[in-house]
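This report refers to the structure that appears directly beneath it.
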Amino acid sequence: MEYPGNLFVVAAPSGAGKSSLVKALLELDSKLNVSISHTSRAPRGQEQHGREYWFTTVDEFRTMAARDEFFEWAEVHGNLYGTSRAAIEARMAHGEDVVLEIDFQGALQIKQLFPYAVLIFILPPSWEELEQRLTRRGDTDPAVIAQRMSNARLEVAQAQNFDFVVVNAVFDTAVFDLKSIVHAQRLKYAAQRRNRSAVFRALELP
Ligand SMILES: Nc1nc2c(ncn2[C@@H]2O[C@H](COP(=O)(O)OP(=O)(O)O)[C@@H](O)[C@H]2O)c(=O)[nH]1
Ligand SMILES: Nc1ncnc2c1ncn2[C@@H]1O[C@H](COP(=O)(O)OP(=O)(O)O)[C@@H](O)[C@H]1O
């Protein structure tokens, strides 16, 4: 499948800083749109239906999956998560740039469907720092942290299947790295289409 516009997929082990980085990237780049996923997990804290996620029951999720309403879906940490066609298809058809913040299983499914998608994997600077970030964020139940740390080892092994790896040590440096990848991809896309005005738009030149 091919649409005009760029598709970026960001994955990371839980606690590496993916949500914070994507949020910062979106604030810097008004041309990027983030996809809102569906999930069967319960809302946490201040989360709102339609803002962080579309919250569904397991049955609703499975019905959508059976109707082929997802581009990809996966089970992560015991819950179901998916990118619905409705969430991104219209935007992609209009040539907008879309970011998916999903797990590695979903990222690999997206690469199969859209080979031009740019897959970015966020790494924490160390295992110790990952554990500290998970603890600081308030996932205080040691069993939950232990489960996420053991999943993290499996997830990090998938980094080799991604196009880029960004290490989130100093936050602003990692945001800059992400911004550079987005910028470079826009230039590459414009150059491939031999479209001078698209190159200028990507460079933000008059
Ligand atoms: N495959 C897939 N994974 C998703 C989707 N949405 C979120 N995820 C992933 O599900 C995992 C759990 O997300 P979440 O419940 O928000 O917990 P957090 O990672 O601790 O913030 C993360 O790895 C997300 O990237 C989706 O639509 N598809
Ligand atoms: N570069 C960084 N240095 C220190 N703390 C960070 C950094 N990036 C993110 N954090 C913190 O780590 C925690 C996990 O970040 P979050 O964005 O929720 O991760 P994820 O979405 O990958 O699960 C949050 O408390 C966040 O403020």
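Glycine is no exception: its Cβ is also placed from the backbone N, Cα and C atoms.
The predicted model assigns the domain 'Guanylate kinase-like' (5-183) a mean pLDDT of 95. Among the features that TrEMBL reports, domain 'Guanylate kinase-like' is placed at 5-183.
The Cβ of Gly17 (ATP binding site) has 23 neighbouring Cβ atoms from other residues within 10 Å, across all protein chains displayed. Secondary structure at Gly17 (ATP binding site), taken from DSSP and collapsed to helix, strand or coil, is coil. Among the features that TrEMBL reports, ATP binding site is placed at Ala12, Pro13, Ser14, Gly15, Ala16, Gly17, Lys18, Ser19.
The ATP site is set by Ala12, Pro13, Ser14, Gly15, Ala16, Gly17, Lys18, Ser19; from the centre of their CB atoms, other residues of the chain with a CB within 8 Å are Ile122, Pro124, Leu130, Arg133, Asn168.
Scoring each of the binding-site residues (Pro13, Gly15) by how many neighbouring Cβ atoms lie within 10 Å, the top position goes to Pro13. Among the binding-site residues listed (Pro13, Gly15, Lys18), Gly15, Lys18 have a CB atom closer than 6 Å to some atom of ligand 2, in sequence order. Listed in sequence order, the binding-site residues among Ala12, Ser14, Gly17 whose CB lies under 6 angstroms from an atom of ligand 1 come out as Ser14.
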